Amino acid sequence: MSQRTRLSVNVNKIAVLRNSRGDGAPDVIRAASACIDAGAHGITVHPRPDARHIRHDDVIGLSALTRARGVEFNIEGNPFAEPRAGYCGLLALCRETRPHQVTLVPDGDQQITSDHGFDFAREGPGLRPLIDEIKQWGCRVSLFVDVNVTGLADAAIWGVDRIELYTGPYAEMHHAGCSDAVLREFATTARLAQDVGLGVNAGHDLSQTNLGVFLGAVPDVLEVSIGHALISEALYEGLVPTVRRYLDILDSVNPAVSMR
């Protein structure tokens, strides 16, 4: 079975807008449903300990929505962030909702957004038991990584299913008009991951402007997770048309990749 690269829409920014007024508008569940109506293959959230955007009730509602609509639910987050008032912790959220995919990300509590991947040599011993636990719940496990990451074979041994390439450096170089060299590095990292049996996802600062070039250069990307750019573009173009524009890019660049 094969299919094109999948689009998972990150709805964090919808929650940011809602929380800015302290009421229920815009409705995160309704926005996610509109993305699914437009053809999105999945929904992504990255709940943080300070509940600056996605909250516990959002995760529960989105889990129910994605299961009812037959699309994937991807929960991102730092598994080492301690539970606290209003935040039960990433593992507790995943245990409760059993998402299709859990993407582990090494972000600090005060970071505005994710900006680096895991160091397998340093953080691997702490990750291994968490990966085992998440896999027991029937969830696919993906690790957020930098281009040129080392230790991919170790990650495969730990039971990791996929990596998510942190594409921020590519987006920056693309904006500057000099992305060829970094694209070659991303392509090499993707191939190395695939050679040891890992699937490859990608995300961070991908947009309508740079997505096609990235997918044209980096082989067999299974999923892209896009939030900030997509929601920003949707302010001008509308949410449903914007999602469809991304799907058009996926169709035109990489119509079929083997699923892992």
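Glycine is no exception: its Cβ is also placed from the backbone N, Cα and C atoms.
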From D37, D205, D248, grab the residue that Swiss-Prot records in the same 3-amino-2-oxopropyl phosphate site as N10, R21, G227, H228. D205
Determine, to the nearest whole angstrom, how far the Cα atom of H46 (active site, proton acceptor) is from the Cα atom of G227 (3-amino-2-oxopropyl phosphate binding site). 10
Quick one: Cα separation, H228 (3-amino-2-oxopropyl phosphate binding site) versus H53 (1-deoxy-D-xylulose 5-phosphate binding site), in Å? 13
Candidates E76, E164, D205 (recorded positions); min other-Cβ count within 10 Å returns D205
Proximal residue to H53 (1-deoxy-D-xylulose 5-phosphate binding site) among recorded positions N10, E164, H204, D205 (C-alpha distance): N10
CB contacts under 8 angstroms to N10 (3-amino-2-oxopropyl phosphate binding site), restricted to the same chain and 6+ apart in sequence, sorted by sequence, are I43, T44, V45, H46, G203, S225, I226, G227, H228, L230
Near R48 (1-deoxy-D-xylulose 5-phosphate binding site), which of the recorded positions R21, E76, E164, H204, D205 can be found within 10 Å, Cα to Cα? E76
